[in-house]
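Trainee: What TrEMBL records for this protein is below:
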TRANSMEM  16-38  transmembrane segment
DOMAIN    18-467  domain 'K+ potassium transporter integral membrane'
TRANSMEM  50-73  transmembrane segment
TRANSMEM  105-125  transmembrane segment
TRANSMEM  145-163  transmembrane segment
TRANSMEM  170-192  transmembrane segment
TRANSMEM  251-273  transmembrane segment
TRANSMEM  285-310  transmembrane segment
TRANSMEM  342-362  transmembrane segment
TRANSMEM  369-390  transmembrane segment
TRANSMEM  402-422  transmembrane segment
TRANSMEM  429-446  transmembrane segment
DOMAIN    478-626  domain 'K+ potassium transporter C-terminal'
Amino acid sequence: MNTCREDLQKNNRNPFYLMFESIGVVYGDIGTSVLYAFKEALKTMNHTSLVGRVEVIGLVSLMIWILTIIVTIKYVLLLLRADNGGEGGILSLLALLLKKIPQHSNILIVLGLIGFALFIGDTMVTPALSVLSAVEGIRYIMPELDGFIILIALGILILLFMIQSHGTQGIACFFSPIMVIWLLMITISGLIHISDDWGILAAFNPLYALYMVVGKGSVSLLVLASVFLTITGAEALYADLGHFGRKPIQYAWMIIFPALTINYLGQGALVLANPEAIADPFYMMFAGWFLPFAILMATCATVIASQAVITGTFSLTRQAIHLGFLPPMKIFFTSETLKGQMFLPSINLFMFLGVMVFVIGFKNSESLVSAYGISVSGTMVISTIMFSVFSRVYWKWKLSKVIIFILPLLLIEMTFLGANLLRFFDRGYVPLLIATLFIVIMWTWIRGTNLLSTLTRHTDIPVQSFILSIEKSSQKVPGTAIFLTSDSEAVPDALLQNIKHNHVLHEQNIILTINTANQPRLPKEERFICEKISESFSRIQLFFGYMEEQNVSQALADLRNNGLKFEIMNTSFYLGRRKLVPISRSGMPNWQDNLFIMMFAYAEDPSDYFYLPANRVVEIVSHVNI
């Protein structure tokens with residue numbers, strides 16, 4: 001295990017190593033879509049019309065061109081260039097836009113939050129669908145275990161969520177080798193079966209794909225909803241940009257894309273040559289003696305894909321917390337060497353319960369497919385809209401260029417969204433319910449914190465006048481007091497209460513404000529602003545990027561190296577803890593009041609969140625009517 005971590009630490013800057021590693025993280029989801037995408041598209045066609053030669057070639061053609069247009073052009077060539085200090089993802093894109101056009105912040109925040117919430121809704125479906133699809137292969141080698149498939153899938157997923165608290169750094173170095181073996185396996189199997197019917201190569205002709213879109217009448221939309229499974233996990237390319245960098249992810253796609261294309265061609269040729277393979281074309285590509293190994297590799301690959309989804313959810317949730325969209329939560333960092341290795345207990349539990357419900361409630365991958373698609377296609381549409389604004393603001397693209405390059409992408413994605421919405425009443429609404437829950441939680445938190453800030457601002461006392469009135473009249477005690485506050489211009493409530501009840505001041509008093517910047521990381525020279533207010537009062541503003549640990553103790557230690565004089569063991573940190581009391585006419589409905597108060601009460605303790613020394617923290621509670 002130590003050797004594994006040492007290898008990761010040693011090679012984490014090597015672009016070829018990063019490319020290799022990204023195969024096991026970024027492309028886990030899209031790399032396992034061959035398990036179910038073509039199978040489900042064929043079943044959809046089979047239920048609605050005859051599946052002939054043209055239809056099989058047309059489906060494969062659709063898959064190839066969707067991978068080309070959406071993944072290659074939109075994500076690999078365009079969106080990966082829209083980084084925020086090296087970070088990607090819909091919230092990073094939102095932070096970029098908020099820096100340039102704050103006057104439209106409300107519209108942008110609504111779009112970003114909807115996109116993030118839809119992503120969360122998708123994260124419940126992906127592990128359940130992937131693992132079930134892999135485990136269902138057991139019925140082909142051990143039919144007597146068919147009734148235990150759900151239990152086996154549940155066991156794998158329970159184990160996966162249980163190990164999150166311990167971190168996966170010890171086994172992370174095996175992810176990419178396993179995925180490379182998986183890619184070799186699906187490539188070789190595809191190459192072998194293409195020769196079953198060389199006519200499948202006609203799928204490279206986009207006219208076959210166009211025929212499936214416009215030539216099949218009402219069936220076309222149903223087919224598009226199934227074919228959309230081909231690009232599951234495409235959003236991960238952008239979300240994981242900060243972990244690996246643009247070039248490694250782009251280079252890795254040059255390996256993934258041919259592997260997926262060849263396998264889909266092989267599945268198509270197999271079905272053309274043997275129509276009975278329509279039942280499960282992926283597993284029927286493998287000879288009986290090799291099938292157990294194929295099932296084992298599929299299971300390993302889907303577990304790795306699920307792990308990537310969980311890690312990505314932790315990372316995006318942390319961004320949302322630091323940007324002020326969610327209440328502070330406990331975050332444990334599980335690795336000192338691997339970037340992005342963290343554990344959020346509340347999110348892990350939420351995802352675990354959601355995945356269990358999906359597996360138990362839907363029972364098989366075919367049923368789960370109906371729940372998949374709306375959230376992902378919705379997220380894609382929103383990211384394209386936000387990218388069009390980004391290209392105008394940052395790249396200075398002319399409107400004509402946006403129309404030429406981005407509008408076609410948007411129209412294609414909106415078509416997929418419309419196709420997936422047809423499944424809304426066929427349990428497609430379930431991920432949307434999860435997304436709606438997250439939207440309500442984030443909207444309530446943002447609205448509540450803004451209301452709380454407005455209420456307290458009315459009673460705030462300006463710092464300068466307060467210091468002049470108390471500095472000479474108050475008795476002073478040795479040491480330093482640091483008062484945390486959200487408003488650097490107003491007297492912290494903890495300071496007011498300390499003067500009111502204890503009638504003393506420390507020799508040195510620091511009013512400390514912690515701010516989150518709209519960029520992922522900040523250099524040390526941009527970390528703080530110090531201002532001397534009077535002989536015994538200073539004002540310090542600390543700044544953190546939204547991807548950084550808000551380690552106040554470490555930041556203050558850096559300040560000491562820059563001339564700020566205080567002894568940490570002779571310093572007291574004063575926190576003003578508010579106890580919220582609901583009242584009528586607060587500005588929010590009663591249910592939202594109660595939800596905000598509950599979130600506020602259960603938010604992580606600021607002393608833990610900001611890494612303050614527990615034995616030096618003094619909390620002063622005040623009641624606030626809201």
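Keep in mind that glycine also has a Cβ here, set from the backbone N, Cα and C atoms.
All TrEMBL annotations are machine predictions without curation.
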Trainee: What else in the chain is close to the transmembrane segment (170-192), if you only count residues 6 or more beyond its ends and a Cβ gap under 8 Å?
Mentor: 1, 4-5, 7-8, 20-25, 27-28, 31-32, 34, 255-256, 258-260, 262-267, 285-286, 294, 297-298, 300-301, 304, 307, 338, 341
Trainee: Under 8 Å between C-beta atoms and at least six residues away from its ends: which parts of the chain pack against the transmembrane segment (285-310)?
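Mentor: For the transmembrane segment (285-310), the nonlocal Cβ contacts are 24-26, 28-29, 31-32, 35, 123, 126-127, 130-131, 133-135, 137-138, 140-141, 156-157, 160-161, 164, 168, 175, 178-179, 181-182, 185, 189-190, 192-193, 233, 236, 240, 266-267, 270, 348, 351.
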Trainee: Do any residues, 6 or more residues outside the transmembrane segment (50-73), come within under 8 Å Cβ-to-Cβ of it, and if so which ones?
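Mentor: Same-chain residues near the transmembrane segment (50-73) but 6 or more away: 30, 37-38, 41-42, 199-200, 202-206, 208-209, 211-213, 223-224, 227-228, 230-231, 234, 237, 253, 257, 260-261, 264-265, 267-268, 271-272, 275, 278, 380, 409, 412-413.
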Trainee: Under an 8 Å Cβ to Cβ limit, what residues of the same chain, 6 or more beyond the ends of the transmembrane segment (145-163), are close to it?
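Mentor: Same-chain residues near the transmembrane segment (145-163) but 6 or more away: 127-128, 131-132, 135-136, 138-139, 299, 303, 306-307, 310, 348, 351-352, 355-356, 359-360, 363-364.
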Trainee: In the same chain, which residue numbers or ranges, 6 or more beyond the ends of the transmembrane segment (402-422), come under 8 angstroms Cβ to Cβ?
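Mentor: Distant contacts of the transmembrane segment (402-422): 69-70, 73-74, 78, 213, 221-222, 224-225, 228, 373-374, 377-378, 380-381, 384-385, 387-388, 391-392, 428.
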Trainee: Where else in the chain does the transmembrane segment (105-125) make close Cβ contacts, counting only residues six or more beyond its ends and a cut-off under 8 Å?
Mentor: 90-91, 93-94, 97-98, 235, 239, 309-310, 312-313, 316, 320, 325, 351, 354-355, 357-358, 368, 371-372, 374-376, 378-379, 382-383, 385-386, 389, 431-436, 438-439, 442-443, 446
Trainee: In the same chain, who gets a Cβ under 8 Å from the transmembrane segment (251-273) while lying at least 6 residues past its ends?
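Mentor: Contacts with the transmembrane segment (251-273): 15, 19-20, 22-23, 26-27, 30-31, 33-34, 37-38, 42, 53, 56-57, 59-60, 63-64, 67, 71-72, 76, 183-184, 186-187, 189-201, 203, 230, 237, 281-282, 284-285.
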Trainee: Excluding the flanking five residues on each side, which residues at least 6 beyond the ends of the transmembrane segment (342-362) place their CB within less than 8 Å of a CB in that stretch?
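Mentor: Residues 123-125, 127-129, 131-132, 150, 153-154, 157-158, 161, 164-165, 167, 310, 313-315, 317-318, 329-334, 368, 371, 427, 430, 434 contact the transmembrane segment (342-362) from elsewhere in the chain.
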Trainee: What does DSSP give as the helix, strand and coil breakdown of the domain 'K+ potassium transporter C-terminal' (478-626)?
Mentor: 46 helix, 55 strand, 48 coil
